[in-house]
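> Annotations per TrEMBL:
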TRANSMEM  A:362-385  transmembrane segment
TRANSMEM  A:414-436  transmembrane segment
TRANSMEM  A:494-513  transmembrane segment
TRANSMEM  A:544-568  transmembrane segment
TRANSMEM  A:580-604  transmembrane segment
TRANSMEM  A:616-633  transmembrane segment
């Protein structure tokens with residue numbers, strides 16, 4: 001058996017050299033010794049040969065080599081890749097074809113371990129090779145790689161590239177990258193300042209990321225201000241820096257003895273108890289800080305504990321040192337320029353933030369508007385408190401979900417769901433009006449109770465049918481992305497769609513109420529049902545249709561809300577209080593009012609969230625408090641009806 | 001005696017009689033003092049139901065008599081619970097901390113005990129310091145005062161703002177609902193000092209009564225709840241049967257006319273609103289030590305709507321109606337949602353009460369509103385009228 005192996009071994013060796021010698025392998029074998037024992041000085045020779053060959057496999061080879069994934073088989077000197085380091089046996093892969101050439105134990109192959117210097121040279125060559133590629137996509141990929149982990153050797157390469165580059169896209173990326181590299185790695189401060197100033201007004205995250213590291217400071221303490229340090233500012237103990245913090249810094253710098261914290265006093269005392277007494281006091285008396293201090297002082301006097309610094313000592317230590325913040329960046333010209341440029345950028349960023357915030361507020365406002373507009377009709381125009389309004393929103397969302405399970409195309413299913421949701425909730429609203437609400441027109445507070453009953457019944461029925469877990473209502477793909485102006489201002493497409501839907505609703509509803517026969521009759525019945533009836537209008541029919549319209553709009557709003565919120569049985573109850581507030585703030589009986597109310601509540605909530613971004617609950621709380629106070633000053637809302645129509 | 005409230009309002013002696021009989025019956029059947037036929041947990045349910053009846057009584061005063069449909073009275077109820085809960089939790093935790101530190105080599109200072117108590121209570125929300133609102137939590141007397149004062153003050157300020165600007169009817173309802181939502185959202189935040197959505201827990205352990213046992217404590221709380229309900233009933237009956245009651249009912253029926261008669265409507269409404277807010281605070285303070293836990297979910301707007309619904313089902317504008325409504329609906333809800341009600345098999349379809357009870361309850365509200373605007377209390381009218389014939 002052993003003899004057989006020995007016989008085969010030389011045979012396989014010749015085979016490897018004959019058949020597996022692809023162009024890359026041949027190239028490496030020509031300088032096998034330089035490859036296997038690469039040093040910083042000699043590796044360039046190999047790299048030049050590789051780059052000159054312009055073979056497809058070169059980037060992969062360089063990447064693997066740098067990552068120490070290139071191995072050499074001891075038996076025949078063949079260079080191979082190993083993909084999973086540490087596996088046993090190792091799987092060997094041909095460097096030309098990528099095909100498996102066999103397995104070996106870790107003792108039969110040698111891993112090539114280029115040191116840090118060689119790795120840098122290889123990486124540089126790799127970048128250079130990619131940047132010299134004919135394909136602009138390769139060059140862009142190389143630039144992206146530089147951008148992820150910039151190194152000092154990238155700077156000359158990039159400068160060379162910019163001298164010769166002709167592709168506009170690549171040039172654009174390179175021009176963004178160049179100042180970053182200059183700021184980080186150039187040796188000439190004048191060049192760096194120029195690069196910093198070239199970023200003025202650039203609100204991109206990359207620009208801020210290039211400038212911020214320059215302004216990193218460390219807080220230091222010394223007996224006097226050091227010469228030549230780039231000092232950001234001097235801290236005054238008591239003003240910018242608390243006395244305790246200042247002393248803690250002295251302790252950390254070992255310029256003063258540490259304070260003795262309360263817990264340490266207790267532990268020291270506990271360790272020194274002898275016969276139930278410590279420091280001359282019985283243990284039982286040590287339940288006040290005062291007694292403990294006295295006992296500790298006694299221990300210090302006996303030399304059994306380190307003395308705590310007195311207040312006077314602390315003051316003296318603090319006042320005899322200076323505390324200052326010093327920039328990590330040594331050049332003052334650079335930090336000054338960076339500070340000025342960054343301040344300018346931050347002003348612009350602030351302005352864009354306001355714009356972004358306004359867009360957010362607008363989008364939230366359109367959601368509130370959609371949720372509330374149906375209510376503005378049923379509550380605002382008819383004076384009916386419909387607590388089940390939220391459930392109509394929820395039913396609309398579930399209608400969308402059901403349609404999506406039947407129609408797999410998302411665009412088509414939304415197009416079907418919107419009219420269908422309207423029809424379902426319109427029918428529900430009409431049924432509810434006929435069966436319940438019309439008996440209660442003269443008892444408005446009781447409609448609240450009856451519709452609340454309907455609300456919990458509907459919620460529970462939906463829970464029975466669909467379960468409590470959230471159902472997906474997926475927006476079509478063309479609504480999935482977002483539109484961004486720059487790194488600060490962006491808004492998701494779905495929110496734009498909801499905003500547009502809100503605008504469409506508003507216009508359609510306004511036209512319906514003001515330009516159609518139905519609208520005229522609705523307004524007539526609202527203002528004076530008896531007079532309207534005597535003019536030949538059937539108030540029953542109008543009330544029914546109005547209520548159906550309000551409910552139907554809630555259904556459509558439900559589809560829209562379901563696209564970004566989770567479709568759960570209590571979806572609607574999350575919106576009901578806000579919707580009522582929107583209508584009340586805006587002014588009852590007026591869809592313009594609802595529009596303004598939604599704008600105010602949405603904008604206000606986003607603004608408060610911005611003031612306290614960690615806590616959206618707090619934002620809602622303060623927003624509601626604001627609404628309560630607002631109602632004090634305009635009890636009938638922003639747009640109040642006047643005269644008889646205001647009624648009671 | 002001619003003018004005594006017991007004579008003028010016949011429901012008072014009947015109600016007090018029934019309540020007394022109930023208290024005696026529960027005591028005789030209880031585990032703590034009697035045969036043990038009633039479990040401790042059911043005794044607690046009964047005691048809690050009496051507290052809900054007290055809240056409903058307050059709701060009836062403010063809505064049934066004064067016409068203010070407040071959707072915020074359960075918030076006052078919850079606030080009362082939070083006020084007593086802070087004391088219960090602080091005192092109980094402090095006892096535990098003291099017991100733990102008892103064997104320390106160096107006896108703990110008061111500051112150390114306080115700090116350890118705070119860190120034990122607030123570690124769940126990642127804090128270690130006492131928030132300002134717990135300042136009174138180490139004193140039972142102060143906490144009991146706050147049970148009344150905090151809901152009362154909130155009701156006073158809110159009512160003053162609302163009534164002053166003549167917010168009435170459905171607007172007021174929505175505004176009170178907004179207040180409730182704001183309060184519950186505020187309490188839901190972890191950093192506002194009341195342990196966020198964890199709420200306060202372990203409230204059934206009454207400090208100083210460790211040796212007594214829940215079987216007796218539950219009876220004591222039942223007695224306390226019954227006493228509070230009885231006193232409140234007498235007080236409410238006295239309030240609504242005199243001139244004050246007539247004015248308040250006048251405000252309900254025609255606010256403008258009462259104002260033109262020269263009465264300061266806002267003052268009456270503010271008084272009723274604040275007084276009932278305080279009543280709800282007391283009810284909550286009695287309820288939550290029996291429930292054992294309070295969290296912001298309890299204060300959610302829906303709870304206040306339920307309170308109104310109980311009153312509507314029981315019958316507005318009659319004090320016993322509110323009590324009957326609250327007792328019947330909350331006991332039935334407990335029974336049907338507790339999972340112990342047998343499923344109803346209708347052949348093709350099995351009705352699982354836990355799932356279908358909310359549907360029936362909701363439809364029940366609709367039917368009562370449509371067909372029995374006087375609620376269950378309307379039945380009493382029918383019986384009384386038959387008697388007289």
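From the backbone N, Cα and C atoms, a Cβ is placed for every residue, glycine too.
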> If you count every Cβ pair below 8 Å, which range out of A:362-385, A:414-436, A:494-513, A:544-568 shares the most with the transmembrane segment (A:580-604)?
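By the under-8 Å Cβ criterion, the transmembrane segment (A:580-604) pairs most with A:362-385.
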> Based on Cβ pairs under 8 Å, which of the stretches A:362-385, A:494-513, A:544-568 lies most in contact with the transmembrane segment (A:414-436)?
A:544-568
> Which sequence-distant residues neighbour the transmembrane segment (A:362-385)? Criterion: at least 6 residues beyond either end, Cβ under 8 Å.
392-393, 429, 437, 440-441, 444-445, 447-448, 451, 491, 495-496, 498-499, 501-503, 505-506, 509, 522-523, 526, 543, 546-547, 549-554, 556-557, 560-561, 575, 578-580, 582-583, 586, 588-591, 593-595, 597-603, 605-606
> Can you name the far-off residues of the same chain, 6+ from the ends of the transmembrane segment (A:494-513), with a Cβ under 8 Å from a Cβ of it?
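Apart from its flanks, the transmembrane segment (A:494-513) reaches 362-363, 366-367, 369-370, 373, 377, 475, 479-480, 483, 519, 522-523, 549, 553, 556, 560, 563-564, 591-592, 595.
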